[in-house]
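These notes concern the structure reproduced below.
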């Protein structure tokens, strides 16, 4: 085995000189033995043969021309010798034909279901929010939903349809245009798949096979007919793969030309396009991080090989790259593959915040300052200074910025006292009262509210206090609805056992030292209105003051963890009391949001809240998205007909009913094309075995495994390692990266999560078919091999089309009784 690396710039560009020389040496020995045994030919006889053959007029047969047209590798022909028509077909005509077929099967009957289908109820509603400019919260990044909003805008939709599941679209909602807009992304996947196969150097029959499998793959086909994110996600995933393959092949071409420049302008262009595509795919769904990981792993291997070439770790290998050129490779990749994608991702959130500038249904999940910046917000900031007796809601400033909440349900373990949680919706169980410390309680002094919100009865005027709360004051926090006090207990919290449990306990007459908290002011945000810029910094002010609550007995701080309670806690956020060394720990920071106190004067003019900081809101929103994603766990006590498990997807053990199943409904059943899915699954099993065989043959010096193009070598004993990496390893790694994470995830899973992985599986299938049909059958002549290949490819095209035609109604919509379609139920688990 060789130990050095060649000048190749892409992964797996190994220096195989020693290995290949060994093979050539064996071939030469065999040749010399044959030559010695055969004897010398007569010179005059040789001259006679040369003269005769020179007079021959050799014409290429029609079958040979057809063979070269279809089976010549798509990226290896010399345009000066190739027929111009072939160039036109590969670059223009073939992609147009495939795009036309893809358009027909995806647009056909796209309008037939005139009601809200499946997740159109979610994403159509989010598009409406953009048109109404009302803030909302969702677990996915904004780009895909912004595009849905754009489709509604272009369709003259006003955003006032509710998109309730199964509701019929009114006449003023041009749902057909919005579906076509979404379908456009699904259509473009086909020409991208074809062009990717062309760049990989496949012959035209293999390119068409891959394109046909993509066209008639019914998971993505069905999803592309509706207002969903899946087509956009798949398109940008495919585009990223296309750009990566382009970068790979350009790098190989540069090395083959012995260029001295570290990167050509064309390579830099495609690196930039790769970065743009990564930014877009991650801005549609976080599943885009999986194809980003594929690019990342490729880049790591690439840079490691260049490091080896630059610093010549193996002393036997010469230094093949300067340090400056190596650093240039780093700079280009950091800028194009990290900075550009991150800029696009952040920019989509910037647009998201700019468009959604009105209050909406999900304000309860937002920070107080972000709510205050929304037009029409319902913040009741009340008097500027908070006093004992004030009724308040208290919001966390941690990564899960919800309101502190309690309800009359107890912990099943620990103290078994009343639960304390954080809650993302505005509710009267979020309301608390600031009460004096225990010393005042022992003197029977209680701060109360003398208004409709008060829960106290009677009393003299002397019993009412409106003393302003200052930094360092001791307070008790009383839950308004249950009358119990917020406290910390010296037992482990239910989820985060390293911190103390927080509960509510007792009543207004209780005087327990465990109920006392100390106010520690951390910061005062300044209003842009000069009238509110001279407020006392030692006082607690609603909205603008950030403070911590330190438990007086235990010395720990009231905090959120970002974790959620299980079903007994209604999946609400965990609240704990923890020791915090750093005062800047935002999980221990709180602010007053709602403030009611009729004893105190209101400001002369309406309070203008401080402006929210974009980066803070960006981080908070992304963490909230992550927390909500993690909270989407299956309920073990509930049977979910729509969800499925990861092991069911490659074998199509289950499908998914996308809408109502009545006889009067147009019914859609989400299911992959069985033939295509099963072929791709078999290929996923065969591919590692094939690569293992290639590795064994290489190790035993039975084949050449060159880093360079071997198009002119005998395919029986030579292969291009770079092409092998691009054709087999990249798609196989893409499938693994898009599939294995769902095995590890605890969240609820659905069949459509397999769509990106299936795309990579199709390319693995194309590789295996191409590899098998290009084996060197030396005992047959070339004409037989050509006919054999044509028959096999034609058969594959035919059975793919027949399979699609047989199951077409699952994607085009089933009318009438579902009984009429029971013949499509090949497996008993398919609920057709």
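Note that Cβ sites are derived from N, Cα and C of the backbone, with glycine treated the same way.
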- Task: Identify the transmembrane segment range according to Swiss-Prot, selecting from 115-134, 175-194, 355-374, 375-394.
- Result: 175-194
- Query: In Swiss-Prot, which of the ranges 702-722, 723-743 has the transmembrane segment annotation?
  - Reply: 723-743
- Query: If you count Cβ atoms within 10 Å of the Cβ of residue 357 (N-linked glycosylation site), leaving out that atom itself, what do you get?
  - Reply: 13
- In the same chain, who gets a Cβ under 8 Å from the transmembrane segment (135-155) while lying at least 6 residues past its ends? 122-124, 126-129, 173-174, 177-178, 181-182, 227, 229, 232-233, 280, 282-286, 345, 348-349, 351-352, 355-363, 365-366, 374, 424, 621, 624-625, 628-629, 632
- Message: Check for me, if you would, whether the transmembrane segment (232-252) reaches the transmembrane segment (755-775) - at least 3 Cβ pairs under 8 Å, residues 6 or more apart in sequence.
- Response: yes
- Any chance the transmembrane segment (755-775) and the transmembrane segment (206-227) have 3 or more Cβ pairs under 8 A, given the pairs are 6 or more apart in sequence? yes
- Task: For the domain 'MIR 3' (537-595), jot down how many residues DSSP puts in helix, in strand and in coil.
- Result: 6 helix, 29 strand, 24 coil
- Message: Pairs 6 or more apart in sequence, C-beta under 8 angstroms, 3 or more of them: is that satisfied by the transmembrane segment (293-311) and the transmembrane segment (787-807)?
- Response: no
- Note on the structure: Per the Cβ under 8 Å criterion, with at least 6 residues separating them from its ends, the transmembrane segment (327-347) contacts 141, 262-263, 268, 271-272, 274-276, 278-280, 282-283, 292, 295-296, 299, 302-303, 306, 618
- Task: Would you mind pulling the DSSP three-state label for residue 357 (N-linked glycosylation site)?
- Result: coil
- Query: When you scan the chain for residues with a C-beta under 8 Å from the transmembrane segment (787-807), skipping those not six or more beyond its ends, what do you find?
  - Reply: 71, 105, 205-206, 208-209, 212-213, 216, 218, 671, 673-676, 769, 773, 780, 824
- Helix, strand, coil: count each for the residues of the domain 'MIR 2' (466-522), based on DSSP. 3 helix, 29 strand, 25 coil
